[in-house]
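The structure appears right after this line, and notes come after that.
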């Protein structure tokens, strides 16, 4: 079908289609009207996820009676699995199901895991006989539910931002700017969910009970699935790529280059297979061997001969690896906020006047800072930066990552001084940690100050930029780039 110029302006130019697999109309699909449903589902998922993760170490130590070391290790392992399973979700989304179906299916798994966890706190035959021990069946049910939740997150984390990005046509200047704002508000919705979890739901879990504290997020994640499915008719969909999953395409280049490792590269890069598909670069030339055309390989499959564009996708990932590496230490430190920091809070006197602050609520200082800075960044800093940089987003992604890491590093000397202070205090007065009156005046605020300086402004900028890059990364990306 051939469209006139006026008709073309009515349709998206990025190849997206509507629910009926027809070219997507700008007026009736995508943009903010569709993103509202995606943000609503993401908000519900984050509310549920943080309702579990924020207070999980408390549950493991007080209900399952695990030691502090075992509980911290198990929490870190579970959180790590939540960020590994997106590899599976991204592969299925790119190769077989598409982003919409992947999110819907994995959300269903997520709900099933939450139902098991909630049931493990309510069904009498799963509960231990005595309050100071846990049964094997109870532990098995809890960890089964936890890892089903981890599997469920695998279809949401890599696909939600990508599906949101699909709702904007970058060829349209107005939609291109709106796409940049979407990621700001996407992260904003995450932190709203985190804030409510770290305050209201944590309070419910500590004061009313775990059954109610887990049943509420279970209902909310079910509501989130309903909201997400309700927007199905107005979403814009990216058809599955011809080359399948970017992960598969990356491995094809590696295998093809290894098979052709003894071949000599041609002096003229234009002699490589399908050279015109992408601009050829001179870095990592070994992988160019995957695109060497030989009579014996002309009719071979993609595991023997790859296009230059496919090789350049792998090179792009390799060039971005220093960016990933630069965030490893940052996230190794912030991972302690969901385990060791809460265990420290459990050993403190958390009274503020007549109120008792739950240990898991100490993270609210980080969340509140993010909620304050994201709107300021989007409404004030970005417009000012546009005047200087002439860029739609104000700052480049690398600039935001660099600024975030620099700001977060300013907390390291303060953290070291705090550790030295408490070490000297304990050396001078070994009984201080058994004296609630003494610790209430000294220890109560230090973890909050450390977390605020270490994770608030720097963490907001860095994590926002890192999430932004994962959502807007170019083609041929693996899951961490989505």
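The backbone N, Cα and C atoms fix where each Cβ goes, glycine too.
Ranges compared are 303-322, 323-342, 403-422, and TrEMBL records transmembrane segment for 323-342. Within the listed segments 40-64, 65-89, 140-164, TrEMBL records transmembrane segment for the stretch 140-164. Feature transmembrane segment, per TrEMBL, maps to range 105-128 of the set 105-128, 249-272. The stretch from 140-164, 185-204, 210-230 that makes the most Cβ contacts under 8 Å with the transmembrane segment (362-385) is 185-204. Tertiary proximity for the transmembrane segment (185-204) is limited to same-chain residues at least six positions away from its ends with a CB under 8 Å from its CB atoms, namely 39, 42-47, 49-51, 54-55, 160-161, 164, 212-213, 216-217, 358, 360-361, 363-364, 367-368, 370-371, 374-375, 378, 463-464, 467, 471.
Using a Cβ-Cβ cut-off under 8 Å and counting only residues 6 or more beyond its ends in the same chain, the transmembrane segment (140-164) has close neighbours at 35, 38-39, 41-42, 45, 49, 52, 56, 59, 64, 78, 81-90, 92-93, 99-100, 102-103, 105-120, 126, 182-183, 186, 235, 467, 470-471, 479, 482.
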